[in-house]
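A.B. asks: Right, I'll just put the structure down here and ask away after.
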Amino acid sequence: MAEDLSAATSYTEDDFYCPVCQEVLKTPVRTTACQHVFCRKCFLTAMRESGAHCPLCRGNVTRRERACPERALDLENIMRKFSGSCRCCAKQIKFYRMRHHYKSCKKYQDEYGVSSIIPNFQISQDSVGNSNRSETSTSDNTETYQENTSSSGHPTFKCPLCQESNFTRQRLLDHCNSNHLFQIVPVTCPICVSLPWGDPSQITRNFVSHLNQRHQFDYGEFVNLQLDEETQYQTAVEESFQVNI
């Protein structure tokens with residue numbers, strides 16, 4: 001399939017995955033200067049939290065782009081025509097239907113155990129394996145995320161595979177890849193649980209694989225954990241009215 005895709009287009013399967021959420025693109029948008037592509041929601045969230053720079057290469061992003069990024073319509077059309085393999089069950093799925101497939105793919109849910117989208121405080125149609133979260137639970141998780149922090153300001157976690165503690169996200173990732181790469185034991189992800197949308201009852205079958213797929217970046221760099229999604233959305237809309245078109 002990948003060979004057919006490359007032969008017919010200039011794209012590879014990697015081009016259909018967002019560098020922020022590490023999932024198949026949803027409503028892809030493209031930066032003008034560096035031509036990098038992101039999910040629209042991921043891009044707007046990154047702009048809100050990180051300023052006027054591309055989330056991938058730190059290239060310049062215009063003020064207009066920050067509010068109204070350009071849709072990557074060419075990529076959307078390609079995603080409707082070509083299929084790729086589900087990363088868990090290997091079933092061939094049209095790229096634009098991949099996220100929908102994840103919602104019913106048992107192997108995907110057993111492997112990753114959490115929502116197939118970038119952080120979402122209110123469960124949406126793209127969520128996988130999460131139950132509805134109450135306001136109280138969200139608040140408690142946010143406080144936990146803030147309290148368990150290192151001197152550098154980054155949250156710290158305990159490894160669920162050996163109980164060694166005080167790891168930042170990156171150190172936990174490195175530790176597990178070095179010491180537990182082939183250890184497949186059902187556990188709860190401490191990073192997911194600490195986040196406002198985390199579900200403490202959600203079990204991840206392959207924790208190290210989950211870390212490598214889900215936690216390659218610190219969510220706090222892209223999302224304001226003090227604000228719910230609706231507040232962030234409204235703020236982005238208000239700011240868009242101030243942009244000179």
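Glycine is no exception: its Cβ is also placed from the backbone N, Cα and C atoms.
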A.B. asks: Out of T62, T142, T156, T204, which residue gets the phosphothreonine annotation in Swiss-Prot?
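C.D. replies: Looking at Swiss-Prot, the phosphothreonine feature maps to T142.
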A.B. asks: Who are the chain neighbours of the zinc finger (157-180) in space, where the CB to CB distance is under 8 Å and they lie at least 6 residues beyond its ends?
C.D. replies: 148, 150, 187-191, 194, 207-208, 211-212, 215-216, 218
